[in-house]
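Visitor: According to TrEMBL:
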ACT_SITE  Cys272  active site, nucleophile
BINDING   8-13, Asp33, Arg38, 86-90, 127-128, Glu161, 272-275, Arg342  NAD(+) binding site
DOMAIN    328-452  domain 'UDP-glucose/GDP-mannose dehydrogenase C-terminal'
Amino acid sequence: MVKICCIGAGYVGGPTMAVIALKCPSVEVAVVDISVPRITAWNSDQLPIYEPGLDDVVKQCRGKNLFFSTDVEKHVREADIVFVSVNTPTKTRGLGAGKAADLTYWESAARMIADVSVSDKIVVEKSTVPVKTAEAIEKILTHNSKGIKFQILSNPEFLAEGTAIEDLFKPDRVLIGGRETPEGFAAVKALKDIYSQWVPEERILTTNLWSAELSKLAANAFLAQRISSVNAMSALCEATGANVTEVSYAVGKDSRIGPKFLNSSVGFGGSCFQKDILNLVYICECNGLPEVAEYWKQVIKINDYQKTRFVNRIVSSMFNTVSNKKIAVLGFAFKKDTGDTRETPAIDVCKGLIGDKARISIYDPQVTEEQIQRDLTMNKFDWDHPLHLQPMSPTTVKQVSVAWDAYAATKDAHGICILTEWDEFKKLDYEKIFENMQKPAFVFDGRNVVDAEKLRKIGFIVYSIVDGVKLAGEAMDAVHERPSGFLRHKKVSKAAEIECGFVSSDQKLEEEKVS
């Protein structure tokens with residue numbers, strides 16, 4: 001029986017190994033981690049991560065050919081194939097701070113593998129790592145192996161949180177990179193034989209090590225670039241009166257482009273996109289390619305710009321101040337069907353509003369209050385200024401509350417921010433919500449979840465990434481013009497004035513000085 005061990009029981013290691021165990025009943029799979037609480041959760045009915053379909057897969061295999069353990073050394077020693085799926089965060093200090101990947105956990109894992117191994121092994125990079133990492137890992141293993149031979153493979157994951165199980169069942173491709181030597185080809189074949197038990201052969205791609213490592217970074221960079229591109233277009237659409245959904249649909253009908261990842265939003269998040277692009281930027285800089293590095297850096301800058309623009313829209317729309325106003329935040333995870341909050345746009349949006357002294361009430365069906373408070377009080381690394389950290393004062397906790405449902409979060413709120421596209425947010429009773437909010441009641445839809453026209457008929461002033469503010473936009477123009485006493489040259493509709501409560505329906509609005 002082939003024995004597989006995976007070091008790291010996180011979002012990648014756990015689901016991937018569970019599916020391998022399900023599809024390969026003759027293979028024994030052990031997932032190991034030094035975190036006792038995490039392994040305890042994997043062995044319970046309450047798994048440590050939320051992923052649709054994962055519970056069923058784990059329940060079918062756990063205790064049969066799938067095991068979760070904290071005895072890392074034992075399972076590594078016994079394994080034929082060792083996957084390494086540990087965290088590779090962005091460095092926060094030292095050489096490459098703010099860009100380079102921190103391979104501390106990877107190096108520790110490699111040294112441990114070399115130390116405890118008593119037989120030849122295949123070591124598989126599952127974590128996203130910089131190109132040429134395999135070369136460094138080889139040096140560590142060969143110089144500490146006591147004659148034991150190791151083959152290093154790169155087998156990057158291409159999972160999307162929220163659809164990880166589906167992605168594993170029916171992957172677009174499985175990529176395996178290895179050394180172009182007889183031993184390397186044999187190792188590639190051994191791993192390919194595992195995947196071929198359920199993945200069609202034409203979808204299993206084999207390359208050299210460096211191509212596999214770089215392909216993962218390139219894939220995430222291309223996906224993030226599409227999001228930033230459509231978000232950049234959303235800003236132009238708002239300025240010109242175009243509809244970004246219509247524009248992206250027209251663009252996506254081009255078979256050379258396609259429709260995927262062309263949905264405008266408040267910005268991308270998750271553990272991979274920003275981290276991997278920063279890594280790519282650093283690799284380009286280290287290889288004397290500053291122009292290429294600057295190109296990819298712009299992808300992140302547009303993403304940051306989109307989040308800042310969203311916060312500014314909220315503040316300016318609400319009469320240029322949110323001080324002591326309650327803002328309901330619906331959704332905190334970086335996307336629906338996951339509880340992952342890493343790099344979620346909600347963190348930056350909430351911090352921006354807190355910085356303007358708003359009171360925030362947050363509801364997310366899968367994110368705990370503890371996680372939300374931790375995310376909002378932790379230091380955020382400023383990658384443009386690596387010598388400085390941006391601390392959030394613990395006193396800001398007083399401005400944040402976590403609600404048990406959307407109705408509690410929105411009660412007495414002045415505005416609603418939708419930051420995660422949870423399906424339940426489409427089905428809320430917005431008439432009931434409107435009745436229990438302060439007036440005028442604002443909705444800022446950062447994920448294009450709600451029917452904006454329907455909400456406007458209820459009485460909400462709605463900002464949508466798709467079409468801006470429309471009628472409310474005219475009203476907001478009036479808000480910004482009136483403090484100076486003039487409407488200047490812009491004609492504002494009476495309906496817009498009425499919506500913001502400036503005039504009654506029987507008043508006439510003339511383009512003249514406001515008395």
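Positions of Cβ are set from backbone N, Cα and C atoms, glycine also.
Curation plays no part in TrEMBL annotations; they are all automatic predictions.
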Visitor: Measuring Cα to Cα, how many angstrom lie between Thr90 (NAD(+) binding site) and Cys272 (active site, nucleophile)?
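Guide: Taking the Cα atoms only, Thr90 (NAD(+) binding site) lies 10 Å from Cys272 (active site, nucleophile).
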Visitor: Can you give me the same-chain residues 6 or more apart in sequence from Asn87 (NAD(+) binding site) with a CB-CB distance under 8 Å?
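Guide: Correct list: Gly8, Gly10, Tyr105, Ser127.
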Visitor: In whole Å, note down how far the CA of Cys272 (active site, nucleophile) lies from the CA of Tyr11 (NAD(+) binding site).
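Guide: It is 12 Å, counting Cα to Cα.
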Visitor: Average pLDDT across the domain 'UDP-glucose/GDP-mannose dehydrogenase C-terminal' (328-452)?
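Guide: Per the prediction, mean pLDDT sits at 88 for the domain 'UDP-glucose/GDP-mannose dehydrogenase C-terminal' (328-452).
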Visitor: Which residue, out of the recorded positions Tyr11, Thr90, Glu161, Cys272, Gln274, shows the minimum number of other Cβ atoms inside 10 Å of its Cβ in this structure?
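Guide: If we count Cβ atoms within 10 Å for the recorded positions Tyr11, Thr90, Glu161, Cys272, Gln274, the smallest count is at Thr90.
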Visitor: Rounded to the nearest angstrom, how far is the Cα of Cys272 (active site, nucleophile) from the Cα of Glu161 (NAD(+) binding site)?
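Guide: So the Cα of Cys272 (active site, nucleophile) lies 11 Å away from that of Glu161 (NAD(+) binding site).
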Visitor: Can you tell me how many other Cβ atoms are located within 10 Å of the Cβ belonging to Gly8 (NAD(+) binding site)?
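Guide: Its Cβ has 27 other Cβ atoms within 10 Å.
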Visitor: What does DSSP give as the helix, strand and coil breakdown of the domain 'UDP-glucose/GDP-mannose dehydrogenase C-terminal' (328-452)?
Guide: 42 helix, 23 strand, 60 coil
Visitor: Please report the Cα separation of Asp33 (NAD(+) binding site) and Cys272 (active site, nucleophile) in Å, rounded to an integer.
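Guide: Roughly 21 Å, rounded to the nearest whole number.
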